[in-house]
Amino acid sequence: MSTANRSNTDSLAFLLVGIPGLEALHMWISIPFCFTYVMTLLGNSMVLLAVRLDKSLHEPMYYFISMLAVIDLTFSTAVVPKMLGVFWLDSREIGFEACFIQMFFIHTFTAVESGVLLAMSFDRYIAICNPLRYTTILTSSRTIQIGLLSLARGAGVMTPLMCLLTNLPYCKTRVIPHSYCEHMAVVELACTDPSVSDLYSLIVATLLVGTDSVFITFSYGMILRSVMRLPSQEARLKTLRTCGSHVSIILLFYIGGLLSMYLQMFSFGLAPHVQVLVADFYLTVPPMLNPLIYGMKMKQIKEGIFKVLWQLAGFSISQAD
């Protein structure tokens, strides 16, 4: 393919199908996705406000929770508005650059979230197994550095992948049988062998997820060992409850991600719309559940949110008077 023809082809927009085979039900399907997005915005914003306004939450653990809330807000906003545009307005067209920018945000913040979850497991390990050194090891500045390092790691490993994908010639159909620019669905539209990009993405995913999950498992194994040595059953239960929310988020993230990835790679005889719906729910449901899990499991976050709501209610009453 000549450079001129390739340039003209690559400048063309992609078309998102939405949910293949269920186009007639898009309006009804949009309801749960709209609900989850609104709840994601409200829940994560409340967590951020609680940590920002309540000085008792100015600790590394809550800073990491704030990072998770920012990731969830970015993650959802990169996907859901366009998805709802497809469902509500049949606005299926997405520009070439916009498609890969969306893909970059999805993959980058998936990697960033994995890094933050690893940092949270390290935070709990220090707090439980070495509490006397907690404040000296995890200072506020070091916590921010860890968050920035996770962001740099995610962007650093995903930038080469995006360069590989954008340099592929897309001369086949421009129709993406998905609700967003899902990596594998887009790569299948390339008219050359994408083995280099496939190999790179496989290596990166294996190294990132594999390494992070191994260290997370090790951290919680050491935590469990320390907890079982506590003399008081009440102390053991309290510590396990604190770690329970973290473990719930970790399982939701990794199990959901693996399920979504394997269903995209191997159909297992499932209908295309089932594969797409699983991928869509993986991108929208965990960001909604994360603040709910923390709100239910962690007393400090719950109290911080109640304080924010009380302050907002008091401000509204004073304004009305």
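Even glycines carry a Cβ here, placed using N, Cα and C.
According to TrEMBL, the feature transmembrane segment maps to 35-53 (among others).
Taken from TrEMBL, the feature domain 'G-protein coupled receptors family 1 profile' covers 43-294.
Annotation source TrEMBL lists transmembrane segment at 60-80 (among others).
The transmembrane segment annotation in TrEMBL covers 100-122 (among others).
As annotated by TrEMBL, transmembrane segment applies to 143-168 (among others).
Taken from TrEMBL, the feature transmembrane segment applies to 199-223 (among others).
Residues of the same chain lying 6 or more positions beyond the ends of the transmembrane segment (243-262) and with a Cβ under 8 Å from any Cβ of it are 68, 110, 113-114, 117, 120-121, 124, 128, 205, 209, 213, 216, 220, 223, 227, 278-279, 282, 285-286, 289-290, 293-294, 296-298. As annotated by TrEMBL, transmembrane segment applies to 243-262 (among others).
Annotation comment: TrEMBL describes 274-294 (among others) as transmembrane segment.
Of the ranges 60-80, 199-223, 274-294, the one with the most Cβ pairs under 8 Å to the transmembrane segment (100-122) is 60-80. Predicted-model confidence for the domain 'G-protein coupled receptors family 1 profile' (43-294) is 85, expressed as mean pLDDT.
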